[in-house]
Amino acid sequence: MLFLWLYMFYSCAGSCAGLAARGSAAPPRAALPLPPLLPGEPGEESSLEEQRAAPDAGSPISSFFNGSGTKRLPQAIIIGVKKGGTRALLEFLRVHPDVRAVGAEPHFFDRNYERGLAWYRDLMPKTLEGQITMEKTPSYFVTKEAPARISSMSKGTKLIVVVRDPVTRAISDYTQTLSKKPDIPTFESLTFKNRTTGLIDTSWSAIQIGIYAKHLENWLLHFPIGQILFVSGERLISDPAGELGRVQDFLGLKRIITDKHFYFNKTKGFPCLKKAEGSSKPHCLGKTKGRTHPDIDQEVVQRLRDFYRPFNMKFYQMTGQDFGWD
């Protein structure tokens with residue numbers, strides 16, 4: 001009992017001395033680290049939440065949450081093509097932790113070039129060291145001035161082109177316009193300058209965009225072919241992980257996006273993400289994607305296939321890839 005009373009006495013003395021010293025100038029002792037909570041202990045949930053909300057101050061994750069990082073001009077741009085699958089590719093790529101991309105299309109190198117590079121840079125998301133800044137504007141591929149302008153910004157910019165069967169692409173392009181302007185002429189009437197002679201109207205943008213070889217010639221005046229990656233819009237649907245593997249390799253990224261990130265949506269007819277960027281929920285592209293195409297006269301479809309064939313063959317030769325459109 002004597003030892004117990006002595007222990008209580010000295011414990012009280014220590015506590016009282018501590019209380020008295022609070023008002024003094026002596027520096028406080030460093031707090032000892034608390035032991036980790038065991039599962040089931042009170043306060044476990046709030047402790048974990050605090051750890052998530054306040055990561056280590058010096059870590060890249062902390063820098064990201066604190067708004068640090070730098071706005072940089074893009075090192076890679078998806079330059080085309082319209083209705084080829086560019087939105088799907090961008091959304092898939094944004095799952096990668098080392099890719100930061102603008103959601104909306106900036107249209108800097110075609111419509112807003114006079115605003116200057118400072119304006120363009122300000123549109124970009126902040127990135128940390130090792131992350132890639134990207135944007136996508138499909139109309140760049142068919143804009144005559146775009147290659148020289150991008151080269152002027154940086155000759156090392158990596159370019160990605162998503163291409164699709166030009167006939168299917170043209171019909172998809174028309175379908176999109178039809179959804180906005182139901183009173184436009186039929187696809188068949190817009191396809192020909194003169195249907196009797198079968199002369200294709202190449203001034204119609206839906207037709208003109210699909211002459212890929214012609215547009216690519218313009219880009220090769222400013223960029224080597226090895227700096228341009230051509231992604232198959234068809235394989236992006238049938239094998240998204242395979243195409244994303246090629247894209248990640250091209251960008252010098254670790255292959256993080258794999259089969260486990262996708263599931264096939266039978267209603268829409270294309271793959272969707274099991275989890276989108278910054279979300280734990282599945283994500284499919286919106287109602288504007290995967291529209292049902294109108295029935296097109298098969299004779300017109302065949303005329304278009306015949307028209308595109310020589311351009312497709314030249315495109316295959318230029319890129320070293322056979323996309324299997326014929």
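A Cβ is built for glycine as well, from the same backbone N, Cα and C atoms used for every other residue.
Marked as active site, for sulfotransferase activity by TrEMBL: K83. Residues or ranges marked as 3'-phosphoadenylyl sulfate binding site in TrEMBL: K83, G84, G85, T86, R87, R164, S172, K289, G290, R291, T292, H293. Residues or ranges marked as disulfide bond in TrEMBL: C272-C284. Annotation comment: TrEMBL describes 74-309 as domain 'Sulfotransferase'. The signal peptide annotation in TrEMBL covers 1-18.
Structure coloured by features recorded in TrEMBL.
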{"residue": "K83", "record": "active site, for sulfotransferase activity", "CB count, 10 Å": "24"}
{"residue": "G85", "record": "3'-phosphoadenylyl sulfate binding site", "CB count, 10 Å": "28"}
{"residue": "R87", "record": "3'-phosphoadenylyl sulfate binding site", "CB count, 10 Å": "19"}
{"residue": "S172", "record": "3'-phosphoadenylyl sulfate binding site", "CB count, 10 Å": "21"}
{"residue": "C272", "record": "disulfide bond", "CB count, 10 Å": "20"}
{"residue": "C284", "record": "disulfide bond", "CB count, 10 Å": "18"}
{"residue": "T292", "record": "3'-phosphoadenylyl sulfate binding site", "CB count, 10 Å": "7"}
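K83 (active site, for sulfotransferase activity) has S172 as its nearest neighbour among the recorded positions S172, C272, C284, T292, going by CA to CA distance.
Each residue contributes its Cα atom, and for C272 (disulfide bond) and R87 (3'-phosphoadenylyl sulfate binding site) those atoms are 12 Å apart. Counting in whole angstrom, R87 (3'-phosphoadenylyl sulfate binding site) lies 11 from C284 (disulfide bond) by their C-alpha atoms. Over the domain 'Sulfotransferase' (74-309) the predicted model carries a mean pLDDT of 93. Between the CA atoms of C284 (disulfide bond) and S172 (3'-phosphoadenylyl sulfate binding site) there is a gap of 18 Å, rounded to the nearest whole number.
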